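Worksheet for the structure shown next.
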Amino acid sequence: MQLGTFVLNIELLIYLISGIVGVLAVRFRERGRPQKEMRISEAWNAVFIWLIAWKLSLFLFDLKGVIKHPLSLVFFSGGLRGVLLASIAALAYLFLRNYRRAGGREAITVAVTWGAGMAAAAFFGFIVFDDAVGIVEYVGLAVAVTILAFLLSPSPKIASRSLGIALIIVMLGYTVLNSTGGNSVRMDQAAPDFELTDLDGNTIRLSDYRGKTVVMNFWATWCRVCQAEMPHMEKFYREQQNEDVVVLSINATSQERSSDIVGNYVDKEGLSFPIVLDKSGDVLKEYNVTAYPTTYIVDPSGNIREQYLGAVSYESLKKAAKLTDQGN
């Protein structure tokens, strides 16, 4: 989500809204029951536990990176492993809080109601906002909605009807969302070629990398989100450079005080991937870049496959690169 020249973390926003949906699911199930307020409060606690565990999981999986770049905690998490760890922690909390008071069956039901509500909203959010979704997200949404329908409906018959209506709404929403147009640079169309110079004065064209997957990253030295993202780009580049994958970094030099600042930053951070200077800002305009960082994934055929607004993690880069391999 864009705010001026900066980008809000859409992933965090999706999980926040998903947690609220989980609370609402518990609230709906507990309507008319004496323990309603207590369980709603515990559901809110589960949301906070989930978010904290998800964010702090980065310490477990990339301790050195966090110590070197503390801002990583603001813009990144532990990825899929962090999601699993956070989910286990939150579900365990809900189960244990209800086990002694209501027994195992009720404790499981409360935890699963919250978890299914959050999962359904999260899967739906990523289907809507993430171009790199696959069959897993759709199956996950279907399973979560099915569980919710049977947990929150008074009878199997009503649950089946509710599930049918929900699936129709999802299908209609998918059709509408996928029929809407995008920016001037669109997915699955040829990436506009350009010619820029690197920090050593060498000329580099996007077409020079035809036959490789190109992670094209637009950034600026003054952008704090970009600074947090760079270690992930460097790690990805070092591990993937022999796999027909390249990182091509386009600096918004037209918005820097001088190109020397860019060179000093690159030397300080030890960045080794190709960096070119857009001194006129023409390439930024060509790709409709209005927020930093912005990343495009270009497949070996030269077509744009994905676009990311905001910081992109190492795991997301690997996932996007695999998708381009599968499509060729």
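The backbone N, Cα and C atoms fix where each Cβ goes, and this holds for glycine too.
Computed from a predicted structure; not experimentally measured.
Residues annotated as domain 'Thioredoxin' in TrEMBL: 185-326.
Listed as Cβ neighbours of the transmembrane segment (6-26) (distance under 8 Å, sequence separation of 6 or more from its ends, same chain) are residues 39-40, 43-44, 46-47, 50-51, 54, 75, 77, 110, 113-122, 125-126, 129, 148, 151-152, 223, 225, 291-294, 309-311. Taken from TrEMBL, the feature transmembrane segment applies to 6-26 (among others).
Look at TrEMBL and you will find 47-67 (among others) tagged as transmembrane segment. Listed by sequence, the residues of this chain that lie at least six past the ends of the transmembrane segment (47-67) yet keep a Cβ under 8 A from its Cβ atoms are 15-16, 19-20, 22-23, 73, 76-79, 81-83, 85-87, 89-90, 93, 118, 231, 235.
The transmembrane segment feature in TrEMBL is assigned to 73-96 (among others). Distant neighbours of the transmembrane segment (73-96): 9, 11, 42-43, 45-47, 49-58, 60-62, 66, 107-108, 110-111, 114-115, 225, 228-229, 232, 310-311, 313-316; these residues of the same chain sit at least 6 beyond its ends, with a Cβ under 8 Å from one of its Cβ atoms.
If you look up TrEMBL, you'll see 108-129 (among others) marked as transmembrane segment. Sequence-distant contacts of the transmembrane segment (108-129) (same chain, six or more residues past either end, CB-CB distance under 8 Å): 10, 14-15, 17-26, 29, 39, 43, 46-47, 50, 87, 90-91, 94-95, 98, 102, 137-138, 140-141, 144-145, 147-148, 151-152, 170, 173-174, 177.
What TrEMBL lists as transmembrane segment is 135-152 (among others).
Summarising the annotation, TrEMBL assigns transmembrane segment to 159-177 (among others).
The average pLDDT the prediction assigns to the domain 'Thioredoxin' (185-326) is 89.
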